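Reviewing the structure listed below.
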Amino acid sequence: MGSNITSTSIIFLLTGVPGLEAFHTWISIPFCFLSVTALLGNSLILFATITQPSLHEPMYYFLSMLSATDLGLSISTLVTMLSIFWFNVREISFNACLSHMFFIKFFTVMESSVLLAMAFDRFVAVSNPLRYAMILTDSRIAQIGVASVIRGLLMLTPMVALLIRLSYCHSQVLHHSYCYHPDVMKLSCTDTRINSAVGLTAMFSTVGVDLLLILLSYVLIIRTVLSVASPEERKETFSTCVSHIVAFAIYYIPLISLSIVHRFGKQAPAYVHTMIANTYLLISPLMNPVIYSVKTKQIRRAVIKILHSKET
């Protein structure tokens, strides 16, 4: 297109998985199955932590926050993805695109915040167990949750809102199955350096800082565990952190890999970028319920109790 277009009049076209449009129906089958599994798993854990008195403890409150965040992320991606794959509904208005982008970014940042809170929870439990209940009171946990929401809103709203100031004069085709912030900026014919700077600042100030603090927490946890005299005590103490470490790795390793591929894998086919991005948004919501059900005895018992009660 040769002339500038105001953002409010734009209709973007989402391609889904570029180059593999003919296989969208087949691609949708595993994505749909895994997404529904993630929805059911997180719903079950959230229901268990709410209804089972034995799970009314700080660790499980944070786990319920993680499940709620994963539910939001799964719903945000599933609706648009299946609309493209099953019904070929590819057009999305600029405002809808911004809303979609905001919720995906928001729940991604919220997940990072909750993982940081869970790392802090384990640090307090391991390093200062006698004061654990005094430090992580119900009111303080609620404050942490509210602070995480406010931080996400304050950091992400400018990043998304600044897209409104841009003019768009190129093709309005987004080679993705959802509104990906860097791809939307590429369609602009105006200077996007401010947008890029704000976006990088927002993500580093949230996900980047969280990553550093989580790593510091686990370094301190490991140092505390190694200082325990008895090997049995070391094993028991460290086992309480295993599920958190796995969840942390499952969230951050794909995120870092996606960033590396996006920055340095420009020669890779477009469908590779899209499939990696879609998989990244799915893997944490899918795996977190599995990790905590397998590694946490109390969660496993609560889930089994709920399932048995429904059968009877």
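Any Cβ shown, glycine's included, is placed from N, Cα and C.
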Determine, on the basis of Swiss-Prot, the cysteine among Cys32, Cys97 paired with Cys179 in a disulphide.
Cys97
So, in Swiss-Prot, are Ile11 and Val89 both on one side of the membrane?
yes
Which one, 27-47, 100-120, 144-164, 202-222, has the most C-beta pairs under 8 Å toward the transmembrane segment (274-294)?
27-47
Which listed stretch (27-47, 100-120, 202-222, 241-261) has the most C-beta pairs under 8 A with the transmembrane segment (67-87)?
27-47
Give me the stretch from 27-47, 100-120, 202-222 with the greatest number of Cβ pairs under 8 Å to the transmembrane segment (241-261).
100-120
Mind checking which residues of the chain, 6+ beyond the ends of the topological domain 'Extracellular' (262-273), have their Cβ under 8 Å from one of its Cβ atoms?
17-20, 175, 182
State the three-class DSSP label for Cys179 (disulfide bond), counting H, G and I as helix, E and B as strand, and everything else as coil.
coil
So how many of the residues in the topological domain 'Cytoplasmic' (295-312) end up helix, strand or coil by DSSP?
16 helix, 0 strand, 2 coil
Grab the same-chain neighbours of the topological domain 'Extracellular' (88-99) for me: Cβ-Cβ under 8 Å, and only residues 6 or more beyond its ends, written as numbers and ranges.
7-16, 80, 160-161, 163-164, 174, 179, 184
